[in-house]
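First comes the structure, then the notes that go with it.
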Amino acid sequence: MVCGGFTCSKNALCSLNVVYMLVGLLLIVVAAWGKGFGIVSSIHIIGGVIAVGFFLQLIAIVGLIGAVHHHQVMLFFYMVILFVVFLFQFGVSCSCLAMNQGQQEKLLESSWKIMSNDTRISLEKKLDCCGLFNSTNLQADIMSDLHLCTSPCTQKKECVTCGLKMLQHSSEALKILGGVGLFFSFTEILGVWLAMRYRNQKDPRANPSAFL
């Protein structure tokens, strides 16, 4: 049986918006997990993912209210905003999936350079490592970091660089963020189509002579 009736479209749209709320919560949790374990060091990336999660939840609330009350104006703005969110989320997700190791290293280097010494020391203790990368263009930084490093590994004199440890987890985090974002960006197109279809349907409980 094809879901084409008013009630079926309404229930489908409500269910989809509940899924959006869960996805928004998932994005916030994954971003917080990445920050807590030092996987993603840039506060701009963390803030961006959390902002997308909160924004997606707000859009889902608007969609739920519009679906429950068959509110024409709210459904229209819901469609427009959801399509814009789709474009943004699709672009970000593709960027996460397409980021290679060299780009990840550059991102970590730029984030490391703007960190204060206290932030670096705190991260080194949490990951039990010293310095970022032992490369020729970062020799000055690595020597300074090794001098200031107070991680437990310094007592064993077997410290690895923090960059290597973060790269091990950053690929995993980027794949999770990119995969989840890409999958649900396509469900947002489904949401736009459902909202458009539902908006143009007549409410059977309304006055039969009333215009949509």
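Each residue's number is its place along the chain shown, starting with 1.
Every residue gets a Cβ built from N, Cα and C, even glycine.
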Is it the same side of the membrane for His70 and Arg199, going by what Swiss-Prot records?
yes
Taking the Cβ of Asn117 (N-linked glycosylation site) as centre, how many other Cβ atoms lie within 10 Å?
10
Counting CB pairs under 8 Å, which listed stretch among 13-33, 73-93, 176-196 touches the transmembrane segment (45-65) the most?
13-33
